[in-house]
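Student: Structure provided below as structure tokens; questions to follow.
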Amino acid sequence: ASSLILLYVLAGVVVGYADGTAYITSLSNLIKWFPKRKGLIAGISVSAYGSGSLIFKYINAQLIESVGVSQAFIYWGLIVTAMIVLGACLIHQAADQGAVHETKTQEYTTKEMLGTKQVYLLFIMLFTSCMSGLYLIGMVKDIGVQLVGLSAATAANAVAMVAIFNTLGRIILGPLSDKIGRLKIVTGTFVVMAASVLVLSFVDLNYGIYFVCVASVAFCFGGNITIFPAIVGDFYGMKNHSKNYGIVYQGFGFGALAGSFIGALLGGFKPTFMVIGVLCVVSFVIAILIQAPKQKKEQEEEYRSVA
């Protein structure tokens, strides 16, 4: 594209829309196939999503170096088209009825879900987790150079290690949430993230402290984006999961933008870390107090008794 606006529209809006749509629908379909192992399946799915971007980062770099940016886009389009067609031939739609029968959760439409307070609390928690994770992952090299005094090469190595810990969080915490409880895991992650960003804010940093903090946030963020689809299924059922999680998942998008905006507004890493730390504490309290919505029949009975 010779136009910057056209590049924004195609690479930003169109590709972003396609990416989000494919992510939500594929993830929801997989969870419906295995409703009793939501955390495990979400962990595998989200790990594949993250690993794909990590692997193709190096393929894209080689393409750009060998054939140039414009030609690389053409090759990349052909590769993606082939993968989509192959995947579409192999995938099958999960039966909603089967997923519904295997869980005891009341099925909520999106309108009914939006009538519960829990959905907004889940949004806040996902927003906080994504803001924390995406901001630190995006800025990890700059943080290392400016706050720790690392060389650019050493800080770049930290980027790769953080990506590994992010993937490990997806693989480990998702299946673990099936066994010990999703909200327990989420509560623990907010403790770790709050502690990590507050250490980054107030402690004199060396390489070890810096790496432990950013790796911990990346690990917890990776785990949380695996667990939240399962929580939405636990709270609101599987029949309308793709629509319902699509609403809650907006916390990811807003969280991705918020970190950079707040950083620019406050003018530095440490003030931004403090804001993130406060939000993590708030989300920790929410995670302790939040409970699944009452069954709709119970809500109707309470309404009648009050009326």
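Quick reminder: no glycine exception, Cβ is built from N, Cα and C everywhere.
As listed in TrEMBL for this protein:
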DOMAIN    1-295  domain 'Major facilitator superfamily (MFS) profile'
TRANSMEM  6-27  transmembrane segment
TRANSMEM  39-60  transmembrane segment
TRANSMEM  72-91  transmembrane segment
TRANSMEM  119-137  transmembrane segment
TRANSMEM  143-165  transmembrane segment
TRANSMEM  185-203  transmembrane segment
TRANSMEM  209-232  transmembrane segment
TRANSMEM  244-266  transmembrane segment
TRANSMEM  272-290  transmembrane segment
Student: Find the member of 6-27, 39-60, 119-137, 185-203, 244-266 that has more C-beta pairs under 8 Å to the transmembrane segment (272-290) than any other listed stretch.
Tutor: 185-203
Student: Which residues, given as numbers and ranges, are at least 6 beyond the ends of the transmembrane segment (6-27) yet have a Cβ under 8 Å from it?
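Tutor: Residues packing against the transmembrane segment (6-27) from afar: 42, 45-46, 49, 91, 229, 242, 245-246, 249.
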Student: For the transmembrane segment (185-203), give me same-chain residues lying six or more residues beyond its boundaries with a C-beta closer than 8 angstroms to one of its C-beta atoms, as numbers and ranges.
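Tutor: Same-chain contacts beyond the flanks: 125, 128-129, 132-133, 136, 143, 147, 173, 176-177, 209-210, 212-214, 216-217, 219-221, 223-224, 227-228, 231, 269-270, 273-274, 276-277, 280-281, 283-284, 287-288.
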